[in-house]
């Protein structure tokens with residue numbers, strides 16, 4: 001079937017009310033196993049900051065930072081300012097950015113499962129290299145392999161979850177990825193707390209245990225079924241229908257199956273998805289694929305999660321106190337994600353993003369004010385003010401956990417038509433990893449230069465992104481993934497672009513003179 005008969009992109013027939021099926025144990029188990037892929041991302045985020053605050057690790061790989069840390073006269077904000085130390089954290093995300101672009105055609109052509117398996121194997125290799133590192137080169141090579149694993153995993157897992165989940169529960173099940181990520185962060189914080197007492201090799205155990213979630217991801221990828229959407233896109237329609245019937249628990253899947261077939265025929269007619277996604281008719285999805293992950297990182301959350309022990313030590317928390325405080329933020333993030341899972345398909349995406357943004361702004365301003373008035377190069381926070389700072393950082397983390405944390409992944413993964421879905425997810429992951437790399441590499445220098453103004457900078461970013469969501473993001477709750485194009489056609493702003501360019505296609509209609 002030619003592309004011209006489909007309208008702008010995606011399925012142009014509203015058959016959502018004909019979808020049938022129930023939530024089966026099969027789909028829940030598949031989503032849980034797939035979402036474990038998020039735990040490797042979370043584990044690394046949580047483990048990096050704890051390891052970089054351990055004296056044995058610093059003494060072996062970053063002697064300059066270790067010596068600077070011992071000097072009492074050193075600026076509290078600048079103790080850890082070292083580009084090599086920042087590169088240890090950020091190198092992973094730069095390699096992940098490249099890997100996700102490579103993963104896109106593999107995910108589209110060979111399915112979501114193969115990318116999940118490749119991601120797990122690369123992460124296993126990286127964990128082994130890091131745990132056995134004897135020099136900085138080996139350490140950075142391990143980080144690069146971890147990045148390849150994250151690039152493939154983050155590209156494939158959100159797509160897998162969106163395509164397996166029934167429409168009315170897609171938001172909640174998709175957030176299993178973010179829940180696994182937050183559980184990985186919390187687990188890493190607790191591991192760091194325990195291994196910090198194991199001298200001098202505790203840091204090796206922290207880095208090596210990354211192999212555990214990677215192993216679960218790899219084995220899970222081998223056992224999981226491929227998504228019906230991907231099977232149909234590969235031309236295996238009968239197998240795709242069988243899987244669809246199995247995960248929906250009914251034989252009456254004609255409407256949903258027909259939507260998938262229509263979307264697949266258009267997808268297979270698009271030979272250059274990355275070129276196609278740049279077409280003006282796909283402008284709304286492209287804008288969201290860029291701005292949602294960018295704003296997610298510019299909340300400042302990764303600065304706190306990467307360097308929580310470093311940050312708390314800079315504020316005057318000593319040794320175990322800094323690790324306990326960072327473990328507390330990890331626990332808050334993990335538990336708050338459950339709030340989003342419970343509410344996202346009842347309240348919708350937009351309300352959670354807007355309210356969460358407002359809460360984050362307030363918390364960042366309060367923390368910046370306290371640090372500006374009560375903390376500096378020559379003084380530490382009192383116990384009372386330290387408790388207040390940790391409390392508001394936890395409230396900030398909680399707001400992120402039930403809003404931008406999960407929804408920064410959920411919204412982009414569900415808005416693309418099948419023909420550009422893998423390309424769109426690659427852009428989302430690439431943008432996320434690019435800004436993650438930038439923040440990871442620059443955080444220690446920014447903290448040294450901006451001091452308490454660092455939090456005000458991110459408060460400004462959150463203000464901008466909250467306004468952006470209010471104006472430009474339509475509500476995707478309850479919209480079938482193959483019928484998202486209808487949502488853009490109804491939005492007050494995007495309908496002008498989508499409607500005016502409905503015939504802008506890579507594919508020529510059957511009745512054209514050149515066909």
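Cβ coordinates are placed from backbone N, Cα and C, and glycine is handled just like the others.
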TrEMBL annotation of transmembrane segment - which of the ranges 426-446, 489-509 it falls on: 426-446
Which listed span TrEMBL calls transmembrane segment, if the choices are 2-22, 23-43: 23-43
TrEMBL annotation of transmembrane segment - which of the ranges 203-224, 225-246 it falls on: 203-224
Which range of 46-64, 65-83, 84-102 is transmembrane segment, per TrEMBL: 84-102
Remote residues contacting the transmembrane segment (426-446) - C-beta distance under 8 A, at least 6 residues beyond either end: 80-83, 85-87, 89-90, 93-94, 96-97, 100-101, 103-104, 147, 150-151, 154-155, 277, 286, 289-290, 292-294, 296-298, 300, 302-303, 306-307, 310, 408-409, 412-413, 454, 457
Dominant neighbour of the transmembrane segment (114-134) in 23-43, 203-224, 351-373, by Cβ pairs under 8 Å: 203-224
Of 351-373, 385-405, 452-473, whichever stretch has the most CB pairs under 8 A to the transmembrane segment (173-191): 385-405
Spatial neighbours of the transmembrane segment (84-102) far in sequence, C-beta under 8 Å, 6+ residues away: 44, 48-49, 52, 58, 61-62, 64-65, 122, 136, 139-140, 143-152, 154-155, 306-307, 426, 429-430, 433-434, 436-438, 440-445
Local confidence of the domain 'Major facilitator superfamily (MFS) profile' (30-477) - pLDDT mean: 84
